[in-house]
Amino acid sequence: MDPNTVSSFQVDCFLWHVRKRVADQELGDAPFLDRLRRDQKSLRGRGSTLGLDIETATRAGKQIVERILKEESDEALKMTMASVPASRYLTDMTLEEMSRDWSMLIPKQKVAGPLCIRMDQAIMDKNIILKANFSVIFDRLETLILLRAFTEEGAIVGEISPLPSLPGHTAEDVKNAVGVLIGGLEWNDNTVRVSETLQRFAWRSSNENGRPPLTPKQKREMAGTIRSEV
């Protein structure tokens, strides 16, 4: 087994333990707690795959971190923090487009993980573009603020938004939700394209026809769920 794989797992286990102690003292906010739960599941899976005991790995991770901290100067820590890139906020929509109220003649709604998908199934034979406002870090989508579907006339006919009760989502969550929304709109013979900005940072690529490169799994989910649920 690669020793770097083992040491990475050990450090991750110890850092999770530290974050758990922070949560136990009621110092973590909702996104912090959400990531804590997600990472716990991930560590259990990694431990099972690697055949490593989490408690033993946590102790070993503590020793690694303590050794690094002894060697770390305050100046080096400041330089490390300064070199971490900050999130960027990208906007496809204007403030008016984001805040505008809209209604649906035939409303449909689906919850996909931590995201809520809404669309008007009365819309047919329209050209539709999906626009989104979101944050980016390391040139990848970090957090979706809001996504809306617009007709050429500017009418809002669909939306994807984070659920306040389930904070925290991944780029994969967003891509899956976009796939469901596209499938629902295309079911009524609409032509849907995704903004170049969203394609670039969510899928790391773009197509001239505005369609993101959905995986076979996403295409199956679109076809299987949209008929009955959206």
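Each Cβ is built from the backbone N, Cα and C atoms, and glycine gets one as well.
Keep in mind that this is a model prediction, so the values were computed, not measured.
Marked as region 'RNA-binding and homodimerization' by Swiss-Prot: 1-73. For the region 'RNA-binding and homodimerization' (1-73), the predicted model reports an average pLDDT of 89.
Sequence annotations record features per position, and here Swiss-Prot assigns ISG15 cross-link to Lys20 (among others) based on experimental evidence. According to DSSP, Lys20 (ISG15 cross-link) is assigned to a helical segment.
For Lys41 (among others), the entry in Swiss-Prot reads ISG15 cross-link, with the evidence type experimental evidence. Under DSSP, Lys41 (ISG15 cross-link) is assigned to a helix (H, G or I) in the three-state scheme.
Its Cβ taken as reference, Lys108 (ISG15 cross-link) is surrounded by 16 other Cβ atoms within 10 Å in the chains shown. Swiss-Prot lists Lys108 (among others) with the feature ISG15 cross-link.
DSSP classifies Lys110 (ISG15 cross-link) as strand under the three-state reduction. In this view, Lys110 (ISG15 cross-link) is surrounded by 19 other Cβ atoms within 10 Å of its Cβ, with every protein chain counted. The annotation ISG15 cross-link is assigned in Swiss-Prot to Lys110 (among others).
In this structure, Lys126 (ISG15 cross-link) belongs to neither helix nor strand by DSSP; it is coil. The ISG15 cross-link annotation in Swiss-Prot covers Lys126 (among others) and is backed by experimental evidence.
Residues or ranges marked as motif 'Nuclear export signal' in Swiss-Prot: 137-146. Beyond the ends of the motif 'Nuclear export signal' (137-146), by six or more residues, the same chain brings 85-89, 93, 98, 115, 159-162, 169, 171, 174, 198, 201-202, 204 to within a C-beta distance below 8 angstroms of the stretch.
As annotated by Swiss-Prot, ISG15 cross-link applies to Lys217 (among others).
Residues or ranges marked as compositional bias 'Basic and acidic residues' in Swiss-Prot: 218-230.
As annotated by Swiss-Prot, ISG15 cross-link applies to Lys219 (among others), with the evidence given as experimental evidence.
What Swiss-Prot records for 223-230 is region 'PABPN1-binding'.
When the recorded sites Lys20, Lys41, Lys126 are compared by the number of other CB atoms within 10 angstroms of each CB, Lys41 has the fewest. When the recorded sites Lys20, Lys41, Lys108, Lys110 are ranked by how far their Cα is from the Cα of Lys126 (ISG15 cross-link), Lys108 comes first.
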